[in-house]
């Protein structure tokens with residue numbers, strides 16, 4: 001009897017297991033195929049007919065969670081909580097954690113994790129991954145000391161933690177994790193490729209390339225992923241020669257490069273505007289039959305778009321892409337814009353939509369930034385209409401700021417402001433700087449300064465460029481008070497040493513006839529640029545200090561600064577006003593002979609007017625005869641002005 005009972009019990013267990021295995025396999029098949037409703041229907045039927053089977057199969061729950069359907073997942077979570085499985089079953093809990101991590105629902109993931117009585121290394125790793133997906137790197141790193149007394153981290157745990165340390169502010173944490181690995185003996189022959197790759201990525205992302213190369217050479221075992229990671233890091237840092245040297249080292253190590261390796265190298269060439277090396281890498285793509293790879297083709301498109309003056313290079317690179325994605329189309333549109341082919345760029349944008357590729361915010365902002373022709377405002381209005389029509393999700397800072405900038409440059413400030421008001425949560429300093437520049441161009445300087453109040457109320461940080469724009473507005477006002485307040489603001493924010501701010505301060509004080517303050521602002525510039533020198537020379541000349549302005553020009557030459565056309569316009573005007581004709585003649589002929597600055601029409605006009613006032617008509621006639629450009633007699637008070645002689 002006992003044997004018969006045992007046999008009967010074994011048969012029941014077998015049938016129970018077979019039923020569980022069968023329905024779980026069916027659910028998993030529906031989940032993999034995306035048939036979410038069918039998977040849930042099977043689950044409900046088994047739950048009604050065999051509740052013990054349904055509530056005991058954790059693998060079936062995990063399969064249902066792979067459907068990535070929020071409604072379905074919440075129902076599963078509710079069923080699991082009702083039967084006490086969510087807290088006690090680590091497999092199901094990890095599946096829930098993975099689901100909430102993919103959905104970026106960090107709060108739900110945290111609740112699941114906190115309800116687990118004894119989380120293991122897998123659970124901790126899943127929670128760390130969820131926090132990383134949510135961008136909360138510090139909370140992810142804070143879990144590491146919590147797990148140490150309870151369980152031993154795996155190499156996947158370390159790889160996730162190291163991925164959280166890919167910023168300069170968290171580099172110290174990454175170094176401590178590295179030290180922990182060394183302490184546990186996970187170095188030398190024991191360092192796996194997974195950990196080696198994670199360490200290299202961490203150091204490379206933080207710009208610690210010496211440490212990254214140390215990790216690379218720590219063990220003889222390498223692969224293409226490791227070498228490509230270090231080449232990519234050099235590429236992003238603009239270090240083309242270092243990237244090429246790493247590529248040569250990779251070849252010496254007999255590790256064959258892949259398309260991503262070449263894409264990183266070509267990206268470095270694009271950043272360095274090294275077209276020749278980029279063409280050589282293009283040839284190697286053909287040699288190793290990698291020319292059809294989309295990532296490599298996109299890198300080539302970017303290279304030819306930025307560096308080549310031949311439009312055919314861009315066209316051939318685009319035609320080589322078998323299936324252009326949004327990156328390909330965006331790079332092609334950017335190239336068309338750089339070649340001044342606005343209409344063709346908009347035709348390409350229409351083709352993007354026709355092919356079913358969804359434009360992103362970078363595509364739209366690229367189009368808008370290229371709108372510099374006379375029809376820029378019309379083209380921008382078309383993109384604006386497209387954004388509104390499609391309820392485009394990415395009317396974000398990039399697209400919105402580009403629209404504001406185009407409308408502001410076209411003096412359509414009402415439209416610019418309308419766009420800015422729809423950017424209620426993404427307005428930034430670029431938004432307000434564009435608005436202030438547009439208002440300045442229209443002469444509405446008081447309204448331009450009002451943008452400061454909006455930035456203050458919205459806690460938008462002022463930078464050097466926005467402050468320079470506000471100083472330009474303050475320079476036109478009758479009172480100096482606004483300019484002085486902005487100067488105090490620059491000092492308080494630590495922006496007074498920025499060249500753009502210093503130049504604007506020099507210009508503002510000069511216009512307000514505060515020459516001592518202008519000189520003081522100029523004196524605070526550590527390395528004056530030609531713009532700085534032009535500002536102080538122009539400020540002195542505009543206030544009648546012509547001799548001092550010419551003296552400042554001499555100081556500029558002694559300092560080794562290279563004057564430009566603006567400099568010589570101010571110098572010739574100063575010579576004319578103070579009657580220093582011989583000095584003016586010397587400076588005029590030194591433009592091209594000493595400094596390589598070809599005289600333009602305004603320089604000839606100033607020079608001839610200076611000769612006319614000095615009564616040196618013969619020299620005037622010789623200059624007019626030798627001029628390579630036609631003379632504008634209107635600027636010389638008509639043809640008779642040449643014969644008037646000195647006044």
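The backbone N, Cα and C atoms fix where each Cβ goes, glycine too.
The repeat 'PPR' annotation in TrEMBL covers 120-150, 223-257, 325-359, 529-563, 564-599.
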Could you give me the DSSP helix, strand and coil counts for the repeat 'PPR' (223-257)?
26 helix, 0 strand, 9 coil
Which sequence positions outside the repeat 'PPR' (223-257), separated from its termini by at least 6 residues, show Cβ-Cβ distances below 8 Å to it?
193, 196-197, 200-201, 204-205, 207, 209, 212-213, 216, 264-265, 267-269, 271-272, 274, 277, 288
What does the DSSP secondary structure composition of the repeat 'PPR' (564-599) look like, as residue counts for helix, strand and coil?
28 helix, 0 strand, 8 coil
Residue counts in helix (H, G, I), strand (E, B) and coil for the repeat 'PPR' (120-150), per DSSP?
24 helix, 0 strand, 7 coil
With DSSP as the yardstick, break the repeat 'PPR' (325-359) down into helix, strand and coil residue counts.
26 helix, 0 strand, 9 coil
PLDDT averaged over the residues of the repeat 'PPR' (223-257):
89
